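Below: one structure, written as structure tokens.
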Amino acid sequence: MNTREQWGSRLGFVLAAAGSAVGLGNIWKFPYMTGQNGGGAFLIIYLALVFTIGLSVMLAEFAVGRAAQRNPIGAFAVLKGKLWPIVGFLAVLAAFLILSFYSVVAGWTIAYIVKMASGALVGGADELGAAFGNFISDPVQPIIYHALFMGLTIAVVLGGVHDGIERACKVLMPLLFILLLVLIGRAVTLPGAEKGLEFFLMPDFSKVTAETFNGALSQAFFSLSIGMGAMITYGSYLNKKENLGKSAMWVTSLDSGVAVLAGLLILPAVFAFGFDPAAGPGLTFITLPAVFAQMPGGTFFGVLFFALLTIAALTSAVSLLQPIVSYFSDEKGWNPKIAAVVAGVVIFTLGIPSSLSLGVWSDFHIIGEKGFLDSMDYVASNILLPVGGILITIFVGWIMADKMKEEVTNNGEKSFPFLGAWLFICRFVAPVAVAWILVSGL
Ligand code: PHE
């Protein structure tokens, strides 16, 4: 019996997985993290981690998912059992936590399309900073946009893997690339943009600290959507003929390509208008609107930009909901549509305190000085994803190596030139390096 849904084509799968990877992590987080961590040096460390550890973890997840044809918890149960399903459980937990705050921030991007289009975003960085602060601390408005975004996410997942997720990504991902290229064309031709390009592309290693590595690693995991079972789930809908290594290479390259392009878009614009690249999370919502306000055609480009962010966030959010849906339908026999709605509503509810933590509940701290949203992000991105990555690579490298070798070579039919390197990274490099970076960051 094999009634599991499958992707329609290799392209559809790659675009869906790239849709998962490319998101707020690339366009919102990556440029400001680069700005805070010294520009080019961060970029080099980031790319080095992505194409060694990141790529290997992604391939490991594809292999586990396709071998098992199950959701993350079920996958570890059918492949090995014992305590291993706990890894899948941590993965599904991470999906819940991440989606709850991800949807809040994604809601802001929808709000900013509206604000941009209605001409509400005028003034310099100070005024726009105040406007942003007022908006996110409002107890009602951001929650409405959060609900709207969750509704869109549920709607795509309700369509199913093939007719919902794959079809949406096949339209939205090319659109995203086009929008990105149009915007970059605008940004790099601004007078003074060269300074931003230089900052982004010329490494200054004197700014590198242990924190740089820590930031680059958690960013790599978050951006590639690895360590939490999204790629296990997407891999589980793959047919047995697809070349896993090639697909992982494509998805990783597209994801880092978009991160680099986002850097090329945002940093030149920020420098051209003399703003601070180290402005942090506000870079996208404060500094950029200030740039758009001064730029010829700014309203038009501003609306395009926030539409781009919403699209990128949506194709990622569906990959956070789908592992949960597939768990409840594979293991508990739920109708997937009911699972999508129930999980979506629970996650929406969990997101409410995240949104309120930026306003009325800002005095309420969970971890150290961190409010609810920052605590969710910290637990998920800095702990659950790296721990998930360590356990998945140990599983593939040590526990199931023979079966996984068969899986990535399609039972010996496809040669995979990096087999030895991949297993070596899964066995030694990834667990040790990730554990080391994780511990040094605590
Ligand atoms: N990779 C997505 C981004 O960069 C976020 C994400 C993380 C999606 C984990 C799925 C799983 O925005």
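Heads up, the Cβ atoms here are built off N, Cα and C, so glycines get one too.
What TrEMBL lists as transmembrane segment is 7-28 (among others). Beyond its flanks by at least six residues, the transmembrane segment (7-28) meets 102, 105-106, 109, 161-162, 165-166, 168-170, 172-173, 176, 219, 222-225, 230-231, 234, 237-239, 242, 247, 250-252, 254-255, 258-259, 262, 266, 281, 283-284, 308-309, 312-313, 315-319 of its own chain at Cβ-Cβ distances under 8 Å.
Feature annotation from TrEMBL assigns transmembrane segment to 40-62 (among others). Distant neighbours of the transmembrane segment (40-62): 30, 33-34, 199-205, 207-208, 212-213, 215-217, 219-221, 223-224, 226-227, 229-232, 234-235, 238, 244-245, 247-249, 251-252, 255-256, 259-260, 263, 389, 392-393, 395-397, 404, 408, 422, 425-426, 429-430, 433-434; these residues of the same chain sit at least 6 beyond its ends, with a Cβ under 8 Å from one of its Cβ atoms.
Among the features that TrEMBL reports, transmembrane segment is placed at 83-114 (among others). Residues of the same chain lying 6 or more positions beyond the ends of the transmembrane segment (83-114) and with a Cβ under 8 Å from any Cβ of it are 23-24, 28, 71-77, 121, 135-136, 141-150, 153, 227-230, 232, 285, 289, 303, 306-307, 309-310, 313-314, 316-317, 320-321, 323-324, 327, 343, 346-348, 350-351, 354-355, 373, 376-377, 379-381, 384-385, 387-388, 391-392, 395, 399.
Sequence annotations record features per position, and here TrEMBL assigns transmembrane segment to 143-161 (among others). Sequence-distant contacts of the transmembrane segment (143-161) (same chain, at least 6 residues past either end, Cβ-Cβ under 8 Å): 5-7, 99, 103-104, 106-108, 110-111, 167-168, 237, 310, 313-314, 317-318, 321-322, 325, 336-337, 340-341, 344, 347-348, 351-352, 355-356.
Tertiary neighbourhood of the transmembrane segment (173-193): same-chain residues 15, 18-19, 22, 258, 261-262, 264-266, 268-269, 271-274, 295, 297, 301, 304-305, 307-308, 311-312, 315, selected by CB-CB distance under 8 Å and a gap of 6+ residues from either end. Taken from TrEMBL, the feature transmembrane segment covers 173-193 (among others).
Annotation source TrEMBL lists transmembrane segment at 213-237 (among others).
Marked as transmembrane segment by TrEMBL: 249-275 (among others).
Among the features that TrEMBL reports, transmembrane segment is placed at 295-318 (among others).
Per TrEMBL, the feature transmembrane segment maps to 338-358 (among others).
What TrEMBL records for 378-399 (among others) is transmembrane segment.
Residues annotated as transmembrane segment in TrEMBL: 419-439 (among others).
Tallying C-beta pairs under 8 angstroms between the transmembrane segment (213-237) and each of 249-275, 338-358, 378-399 places 378-399 first.
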